[in-house]
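A.B. asks: This is the structure I want to talk about, given as structure tokens.
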Amino acid sequence: MKKFAEIVLKLRTAIVVTTVVVTLILGYFIKDLKINPDIFSYLPKNDPVVKLFDYIGEKYGGNYLAIVALETDDVFSKETIERVNQLTNEFKLVDGVSYVTSLTNILDIKKGEDGIEIGKLIDEYNLPQTDEELKKLKSYTLSKDIYRGRLVSPDSKVTLIICRLREDVNKIEVARQLKEIVKKMNLKAKVHYSGLPFQFLDLTEIILNDLKFLVPIVSLLIIISLFFSFRSLRGVLLPMVSVLISTIWTLGIMSILRVPLTVISDIIPVILVAVGTAYSIHVVSKFDEELSSGEDKIKRAQSALNEVGVPVILAGVTTIAGFISFVFGSYLTAISQFGIFSSLGILFALIISLTFTPSVLSLSSPKRKMITLSENFSKKNGVARFMDKIGEWVLTNEKAVIVCATIVVVLCFIGIPKIERRVDMLDYFRPKNPIRITEEMMQKKFGGSVPVQILVKGDIQDPSVLKQMKKIEDFLKTQDNVHNPQSVADLIEEMNDVMDEGRMIPDSRDKVSNLWFLLEGEDIMSQLVNPEKTEAVIQATLGSVDTKRGRKLIKSIDDYIKKINDPSVTFIQAGIPMIYRNLDDSIINSQIRSLIIALILVFISLVFLSHSITGGLIGLTPIVFTLMVIFGFMGFAKIPLDIATVLVGSISIGIGIDYSIHCVSRFRKEFEKSSSELEALDKTLETTGKAILINVLTVTMGFLVLVLAELVPLRRFGILVAITMVSSGIGAITLLPAIILFSKAGFIGDFSRFINGAKNV
Amino acid sequence: MKKNIPFFMIVGLLLLANIKVLAQEKIFNANEILSKVDDVVNAPKDQTIKLKLILIDKEGKEEVRELIMFQKGSEKRVVKFISPASQKGIAFLSLPDDIMYLYLPAFKKTRRIASHIKNTKFAGTDFTYEDMEAKKYSEKYIPELLKKDESHYILQLKPKDGVKTDYSKLIVWVRADNFYPTRIEFYDKSNNLYKVMTREKIEKVGGYWISKESEMEDLKAKHKTKMIVVDIKFDSNLSDEIFTERYLSR
């Protein structure tokens, strides 16, 4: 460390210049940083379920539907139909839109007085004008299952314009263009935007707004609270600047590597601000402590670095251990990316606090000395007295502390099974968000928009295959929450009906291919059958994506498919429910895996620090306690495990462990010097304990700001990390000493040398 | 149709008298050029054409269909599919005033097809029913001469008021020597080029100019349809009986 400090200070000018230059360069690249809220793009491309879903998307015009819903008193009005027609035509021209389906362009098969019509429901060159025409259109449209509840709500108050987006396009950009087209039209009708592309668009805006709004607030709060603790502007600004630099570096590198910010990694800047400041604070604080030694600035910086270097590195490394646990074997790419870049950010914060910060300190001339930790404590202010009290109380009631903690743990344990899991993207929006309101309306009036798909392989023009497809559709209709199953079999049935042969699949292949011929080239065909007619897809929608119900549906569909014993055709289930199921499994798996990895890494660091296995185990107790509290709280407070809250466990291990490390190492140092364990504990709590308290308050406040976020996972994340901080802080200053005293563990020192014991004090 | 015959004959005579020289000498205005185009395209009294349709999707996969087309004048037409086997015998009959019948052999039934489906694709090709209409450009469009080079007139056609069409404009390349349109660009409603038709192998058969190979490409769908003339007969005095519902089922 000494050598390192020497080198740093020798190169101090170069370090400052390099840091500034690198920051400017990387900062420039941040302008290209993209936001990718498409949770489906976080899925691993090699998962068979994802592969199948992508395959269907590519082959059948895209899985992503951008739906514009117009709501009026009655959509069958001259004005609304005209508008629908205009929008349909304009949407069709947007690059990236593969198909548009609306009232004014949907295929209609009907028997009329003057023959059959295989045309459009509404002739766009001859839109209905008179009330009578509109009335006729209304009653006809509502009489057909393929329109009612699909394109028009049964109460005829809402009509949909459905755009299918190609797989290879930027869906957010297309959604933005569609929205602009609608806005330019100044519609009288109320407009709702539904479907994933519009949700992605809104999410992007929400993420950006949250970042722009929250990061400054978090920073400001931390600055203020640090200022009140240390009363030195520089002592506060320097840590903030170093965190800012590490944030710029991290985001800049993400941008260069073309890694977009996700719903998960948007937390990184907040985490860096909340966590990263501590490293520089230690350096600055120690630097000012050395002020009294009268040595010159370079020497002081050198010795400050020499002394705090190791603890700061250790604290940083354990925190990184918590974050890096996401990198290994994570199902979602976004989570492993989060692991990589948050670790990288913390590493940067660490490096900067050990190089840039001391260099700046040695170059600047402080006008006013910072109130150092030790000075602060020597004043015996309220906080210090409070810590004394805690020390005494713990010492005299160590068993009570342990019992209380056990009770809390047991209570929390009851809560753990109550934890819900959510993978539904809608859950990211607050209940009052227009997206949520729209989706509720869509669920009520159109049966939802979550696609359920069944891929059919076989000779699709074979009547027996078509009949089997129809049976599956009928089966789907009997399933709870499943709506609007549709396949080419329905079209063939309808065509058969207009040929006066009844609404059924004809018996001969010739008849099927005759009917088929007339449908060929229709937009809808390429969304339902491949050009070779060897593969088709049955599409349906699901009302909700409740995980339990989803699992039940997947199973009953699979069971049904298995029972079909026809060698000429195979059915394969696909769709969002299956992806959500895998996502759900992965959340549990990555929760367990990342917790285990993080615990092991932290345990190793603790063993390394205390040179004792017992020490490692005891050091872990506040963390295990905290984990129980978090998960218990999640169970009772109905905060679900989702792709953001799944991170909290490992992050709290990484952040919370610092308290244990500081406490244990201080206690050991004081133990050697003290005449009783009480004195050692008192000293520890007065110094490190108080530092922990300040840190807990600061960081908690920082994370609580996230409650203001528009993005729900961010809010949940904020609450949970705040609880983590409080709980692990309290755990470290009460439970940890209590256990040490109770166990008289040998790694601290020889307890037997205090013959009378501290109890009698 | 009848009133066009003298025009055709004039054109025919001119062609015989080496129209090339004459055409270059006389400067035609846009309306004259367009009506000459109409005359050339609609010249035959009747025609029997055996066609091969090749549908080519964006991956280059081809699908072949064969059909035979009988046409009398410009408004009566029968289209019968010959192959593939699954489509053999499917037939359409188009009569004046947008009346159209369909015969499905597997059902042995004829059904009238409603008329307002102009922008629907015809039988999986890139031609819409509108493109398939035996039409006179000059009735629907107002021409403007954009350019004339050595071999072609380039016309811009914009739809007349009240004409229902999917296109905002067409750009037509017209051969200067025989007024046969060789390339037509179709622009959609927001003025983007989205379909291109090219006519090749323009030959004179029995006194009429005909393109033996034409192609329609949908640029947005990246789908192409090639139309190859396999056999052609002109003016064989097709009986009116062919253009009846009853004949469809034969």
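For all residues, glycine too, the Cβ spot is worked out from N, Cα and C.
Where the annotation comes from TrEMBL, it is an automatic prediction and has not been curated.
Worth saying up front: this structure is predicted, and the values here are computed from it rather than measured.
According to TrEMBL, the domain 'SSD' annotation covers A:240-363, A:616-742. Annotation source TrEMBL lists transmembrane segment at A:12-30, A:213-230, A:237-261, A:267-287, A:308-332, A:338-361, A:400-416, A:592-610, A:617-637, A:643-661, A:692-711, A:717-743.
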A.B. asks: Which stretch from A:237-261, A:400-416, A:692-711 shares the most C-beta pairs under 8 Å with the transmembrane segment (A:267-287)?
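C.D. replies: Out of the listed stretches, A:237-261 contacts the transmembrane segment (A:267-287) most.
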A.B. asks: Could you tell me what the rest of the chain brings near the transmembrane segment (A:643-661), counting residues at least six beyond its ends with Cβ under 8 Å?
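C.D. replies: For the transmembrane segment (A:643-661), the sequence-distant neighbours (Cβ-Cβ under 8 Å, at least 6 residues beyond its ends) are 39, 42, 263-264, 267, 271, 275, 278, 311, 314-315, 318-323, 325-326, 332, 334-335, 338, 423, 583, 587, 590-591, 594-595, 597-599, 602, 605-606, 609, 619-620, 622-623, 626-627, 630-631, 634, 692, 695-696, 699, 713-714, 716-717, 720-721, 724-725, 727-729, 731-733, 736.
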A.B. asks: Can you name the far-off residues of the same chain, 6+ from the ends of the transmembrane segment (A:213-230), with a Cβ under 8 Å from a Cβ of it?
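C.D. replies: Here the qualifying positions are 236-237, 239-240, 244, 269-270, 273-274, 277, 281, 285, 370-371, 376, 694, 697-699, 701-703, 705-706, 708-709, 714.
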A.B. asks: Could you put numbers on the helix, strand and coil content of the domain 'SSD' (A:240-363), residue by residue per DSSP?
C.D. replies: 104 helix, 1 strand, 19 coil
A.B. asks: With Cβ-Cβ distances below 8 Å as the criterion, list the same-chain residues six or more beyond the ends of the transmembrane segment (A:400-416) that contact it, or say none.
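C.D. replies: Residues packing against the transmembrane segment (A:400-416) from afar: 394, 625, 628-629, 631-636, 731, 734-735, 738-739, 742.
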A.B. asks: Across the domain 'SSD' (A:240-363), what does the pLDDT come to on average, as a whole number?
C.D. replies: 83
A.B. asks: Which residues, given as numbers and ranges, are at least 6 beyond the ends of the transmembrane segment (A:592-610) yet have a Cβ under 8 Å from it?
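C.D. replies: Non-local partners: 314, 317-318, 321-322, 324-326, 328-330, 616-617, 619-620, 623, 627, 646-647, 649-650, 653-654, 657, 660-661, 664-665, 668, 747.
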A.B. asks: Tally the residues of the domain 'SSD' (A:616-742) by DSSP class, grouping H, G and I as helix, E and B as strand, and everything else as coil.
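C.D. replies: Split into helix, strand and coil, the domain 'SSD' (A:616-742) gives 113 helix, 1 strand, 13 coil.
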